[in-house]
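*Asks:* What follows is a structure written as structure tokens; I'll ask about it next.
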Amino acid sequence: MTTITRVPAAKNKPNITAHVFLVALIIYFLLPLWWLFVASTKDPQGLFTGTGGALWFDKNFNLLANIQELITYKGGIYFRWLGNSALYSLLGGVGATVLAVLAGYGFAKFPFKGRDFSFAVLLGSVMVPLTALVIPTFMLMSQLHLTNTIWAVILPSLLSPFGVYLMRVYAADAVPDELLDAARVDGSGELRTFFTVALPLMRPAVVTVLLLSVVGTWNNYFLPLAVLSDQNLYPVTVGLGGWQALAASNNGGGTSLYTLIVVGSLISIIPLVIAFLSLQKYWQGGLSLGALK
Amino acid sequence: MTNPAAVLRAPSRRRNLRRPWIGWLFIAPFGVIFLVFLVAPLVYAFYLSLFSKGLATGTTFSGAGNYVKAFTDPEFLSGIWFVIRFAVILIPIQMAVSLAAALVLDALTTRLSRFARLAIFVPYAIPAVVGTLMWGFLYSPTFGPLTGLFKVVNQSAPEILSSGNIFGGLLNIVVWQWAGYYMIIIYAALRGIDPSLYEAARIDGATPRQIALRIKVPMISSAMVLILVFALIGTLQFFTEPQVLRPISNGSITSSFTPNIYAFDLAFRFSQFNYASTISFSLGIVVFIAVYIFLFASRKRRGGLS
């Protein structure tokens, strides 16, 4: 009886401190998003001199009008950028995942000559800062006349050494050799064995690598900034960054551009936030994969 | 040297050994991308860095000349010095926030803790450009809440984007952006610990704090090392956040603020592609060496402890 009453009492006290700590964290991490939402509902005037202050609504609720202006501004170039971001991150992300799954499975399940050496090279390459490759990649691409095309963004995004590493670690444990051997004895070819036996077992890691590479490409800024000069090809990150520089350089004239930046930022974060919230059960376990070894 | 484990396993893998190219076939598509977009740019950057381009002389071979120039160039060195200082201060703060959050979330299973887990993680799904834009607005005396807040106590708000405060301003943005991602990795590692360990410790009279510090933290050290490596690589190649803040920073973010910004400006504003390649290649080498030293030190330390 004493233990039953003591346990909750002992647990209650630290729980209050813990919950205060959590509330503080929630406020800190959501504050900018709250500001973004509130600011998207203001007209240009309200953004500068709102009656309710920076963190509360102005008297005019202008969200729909702001979205409308975003749709019509320069022939709707913002939504073109959003479409470009989706195209680059889907092609780049799916492509990078396919390559990583194949290579990870190859490293994990086939003992071939030179495997240990090439995997060591791969691990070393995880330590190469990918942004240090941006300017050399730009110059290589310009030799091949590929700059200022969608391929200049998509093709380099296919490179994901860390994805290969994750897939190898996962496949080594999740796909039993006996199962593969049994399929081979039954006369299944290597490709069929991969698709029907191995791939279904690797699914959680596949979703994780897919999410990581889609997010990586969607959020990328340096590479598209370097290799694209045609505004119509910009992803949304480069487009918004450009608006910001424009608005800052002609102070007063940039007034209405600020509302476009704010409402554009709000819309640009919705797709990925929804993707993460709906795919929770996959990434929460999957992100720790790399830490297993 | 043959790997003894591979020899021992060989009989059961007879089918594979007869066709050793199958493994390569699975790796080949990635291998092509690896060669074209990682090896080739590195080799090309190194090649370009060996030449100089002068207005009168044209392109001439200069050997290590560009590297001598880079490592005595005060602008490049100040950028390197900045990112090293930034990493040294940022990483402990970020580790502390994400570890503390993960430990608390691991100990609780309330509705609030589930919500907090998502709220802390959400910034990871937001592009660094948008995160930086938002904080830039929040820092601004015109758009942000600071002017209003400080008016209440009759003080003028601090200029976060001034050259004296920009370090802290950037620190805050990066912690906000990445702490949730690191928290989730640590949290998942904590969930992987066998709970019977805690039970045993509790019976031995350990307090929750002792369980957290003496059992949980040592058990997740490999996750911590992984995160530290990510944070180190990410910080040394710092680019997006300062680049986005630059137009509104009134000059406190210079064209050589970080090595990557310097390389970008050299290439795209001054068309010095040979020297920009040298800077990129040098940055790559500095990062590689820094990470290698870190991994070596952490392995040695952990080896000594166990």
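Using the three backbone atoms N, Cα and C, a Cβ is placed for every residue, glycine included.
Pulled the feature table from TrEMBL, pasting it below:
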- A:82-278: domain 'ABC transmembrane type-1' (DOMAIN)
- A:16-37: transmembrane segment (TRANSMEM)
- A:86-107: transmembrane segment (TRANSMEM)
- A:119-138: transmembrane segment (TRANSMEM)
- A:150-170: transmembrane segment (TRANSMEM)
- A:191-215: transmembrane segment (TRANSMEM)
- A:257-279: transmembrane segment (TRANSMEM)
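I'd like these features described in context: how deep, what's nearby, how far apart.
*Replies:* Residues 115, 118-119, 122, 150, 153-154, 157-160, 163-171, 175, 194, 198-199, 202, 205-206, 209-210, 213-218, 220, 224, 235, 271 of the same chain lie 6 or more positions beyond the ends of the transmembrane segment (A:86-107) yet place their CB under 8 Å from a CB of it.
Same-chain residues lying 6 or more positions outside the transmembrane segment (A:150-170) and placing a CB less than 8 Å from one of its CB atoms are 84, 87-89, 91-93, 95-97, 99-101, 103-105, 107-108, 119, 122-123, 125-126, 130, 133, 137-138, 141, 202, 204-206, 208-209, 212-213, 216-217, 220, 223-224, 227-228, 233, 235, 289-290, 292-293.
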*Asks:* What residues in the same chain, six or more past the boundaries of the transmembrane segment (A:191-215), come closer than 8 Å to it by Cβ-Cβ distance?
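*Replies:* Distant contacts of the transmembrane segment (A:191-215): 89-90, 92-94, 96-97, 100-101, 104-105, 109, 157, 160, 162-163, 166-167, 170-171, 174-175, 179-180, 183-184, 272, 275-276, 279, 282-283, 285-287, 289.
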